[in-house]
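The active site, charge relay system annotation in TrEMBL covers Ser219, Asp345, His374. Per TrEMBL, domain 'AB hydrolase-1' is recorded for 139-380. Sequence annotations record features per position, and here TrEMBL assigns transmembrane segment to 25-48.
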Amino acid sequence: MISLDFNFNVLTRDLSLYLENQVKVGLFGSGVLSLVLGFSAAYAYYYLISVAKKPQLISGGKKFYQFLRDQCPVVSETYYPTFWCWESRIQTVLRPFVTAKPGVSYRNELIRAEDGGQISLDWFDNDDSASHPNSATRPTVLLLPGLTGTSRESYILHMVQQSRDLGYRCAVFNNRGVSGETLLTPRTYCAANTEDLEAVIEHIQRTNEDAPLMAAGVSMGGMMLANYLGRKGRETCLKGVVVFSAGWDVFECTASLEKPLDRFLFNSYLTSCLQAGVDRHKSILEKSYDIDHVMKAKTLREFDERFTSIMFGYPTNDDYYHDASPIHRLKSVQVPMLCLNAADDVFSPSHAIPVEAVKQNPNLALLITCHGGHIGFLEGLWPRQSTYMDRVFKQFAKAVIEQGGDLNDLSS
């Protein structure tokens, strides 16, 4: 086998000499064409050697590993990020703007929580399903958006579309107060508290007792799902779970987002989004919290110190961050869970991806791409209709629902 060892310094030196010679030809005529062709060839070579790579698949057990290789070919395929925007931050920023938003009509349901609050659940019933015409047995996929996301996020709409193509029903769990519903109690949500998620899962199971149920979570939604599975062990009706761009260690995630560029691009923006939610429900929240102090927060950490950790009764913000970090509960997960992360995701830095923890649990699998950013995973020349993340979701959902019997007792 021929080994291709790419030395970028050598390529740069040779390209510089090439360009120097081309400039001598002149800026018009064949010189310009040669210049363009030279740059294009060098860029294509760099892209194919250093950017486009197969993902790394890691699992704690041979059975789950082989199941994914057999049923989800996407885990073995080379991921070709969109060649003009493969850098992490560009993928992260552009995804909401370049990906299409499929038209989806939801049926909204408000569920009353034990504390008197209400939870908004958006249903896509898929009554036109040809493969599962019986509503009573139609498979259900529960979807959890990210930190400030709702059922209208492009990545959620894409998963609803993929589920519709498979003939499945979807239910989107909107965190309290984010999707336009009134906040009835002075409580919102956080990654560590899974009480609302448990209530939603139990409600869905009661409503569709004969329908198989699986779940997918994105970013904070994935963290919440992982924490839920770690707490429940085998005491859950979920047949399988897939998690995208989760932050595994909140301390490391927060520190990464506090670097100057990432603070400017992401941290400040997300903080302002959270503050907007607080301001929207100020009339009920100001009775219990110092809203003026909360609104002066400049970072996610300051917001959590002044609001989230206090709301959920943690002695310190560090206590909250420890409890919110799914890495501490992975050993207790007893349901097949596939996790997709990009090694260049600034929200979840590569050194904090729990490779060793995954290796210790046969129910876990980790798929790591070199590029993709945070909930990016753009691919193709113009990534409007589908992403690598969408393909992972569709293949895994189909495998869990239709071949889930092969996932019984993964420890054997």
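All residue numbers here begin at 1 and follow the chain in the order shown.
Cβ coordinates come from backbone N, Cα and C, glycine included.
The average pLDDT computed for the domain 'AB hydrolase-1' (139-380) is 97.
Same-chain residues at least 6 positions away in sequence with a Cβ under 8 Å from that of Ser219 (active site, charge relay system) are, in sequence order, Pro145, Gly146, Leu147, Gly149, Phe244, Ser245, Ala246, Gly247, Phe347, His374, Ile375. With the fewest other Cβ atoms inside 10 Å of its Cβ, the least crowded of the active-site residues Asp345, His374 in this structure is His374.
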